[in-house]
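Quick look at what TrEMBL lists:
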- 12-29: transmembrane segment (TRANSMEM)
- 41-59: transmembrane segment (TRANSMEM)
- 71-90: transmembrane segment (TRANSMEM)
- 97-116: transmembrane segment (TRANSMEM)
- 131-150: transmembrane segment (TRANSMEM)
- 157-178: transmembrane segment (TRANSMEM)
- 211-232: transmembrane segment (TRANSMEM)
Amino acid sequence: MEYTLFGKEHIILLIISIAFIIISNTLLNKFTRQSEKRIKISFIIIYSLILLSEIAKQIHGYITYGEVSIGYYPFHICSYALYFFPFVAFKKQYPKRLMLTATILGIIPGLVTIFYPSNVLQGGFVTANSFFYHSLMIIFGIQILSSGIYHYRPKDFIYTLLSIVVIFSIALTANTIFKGADFAFIGTGGSAPYGEWFISKFGKALYVTTVYSLFSFIVFLFQLPYMIGYVIKNKTLHTIRLRNNSI
């Protein structure tokens, strides 16, 4: 049975997901407190669950349809957690240039999907697994911030924009290869509100540029508090140094 957006089933799944995210992060924060090894273990566990969730989705899709349909191919925005998170989970040294990207790829797409799951309300396993997968993404992103392993640098914003270019390039290629696909909302435009209308009125190039600009703006807003904090902190440190030098 297909669920309704903001219907009873959606609200119940949303409440369960939020509770799961809060409880999981609370327990993980206690588990990883002041332990680099435990922080790494927590990332490995979360990523392993994400990967298992994706594998389960693919198996379910194959059993249900007798093949893996285009919509199940891992080129959606949320799929890139599969490719970026391992750099955080398995590398000995945390990749500074990818930490903001991994954080944003976890939190923003995850939140958007559980609050507005317009494409995953088929009901049953598909919907339950999707909420589980995206909740894990959010947990992973929050853990990067709450564990204290990531220290913001303004240039990380540029690296994140470049990462989005890579993601969109892969999605564009996949959309070209697989006719009718709408990976990252930049194929047919059918997955995005008014996407098909925009393409018919203004063309594909302007549509893709607009979607990229929108993503970039969201990323900018997400990291803006950290940028402001970074500027204030460095200005304060500079003032303290000047005072100490004048004594």
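For all residues, glycine too, the Cβ spot is worked out from N, Cα and C.
Counting Cβ pairs closer than 8 Å and at least 6 residues apart in sequence, the transmembrane segment (211-232) and the transmembrane segment (12-29) reach fewer than three and form no contact. 97-116 is the stretch from 12-29, 41-59, 71-90, 97-116, 157-178 with the greatest number of Cβ pairs below 8 Å to the transmembrane segment (131-150). Contact count against the transmembrane segment (97-116) (Cβ pairs under 8 Å) is highest for 157-178, out of 12-29, 41-59, 157-178.
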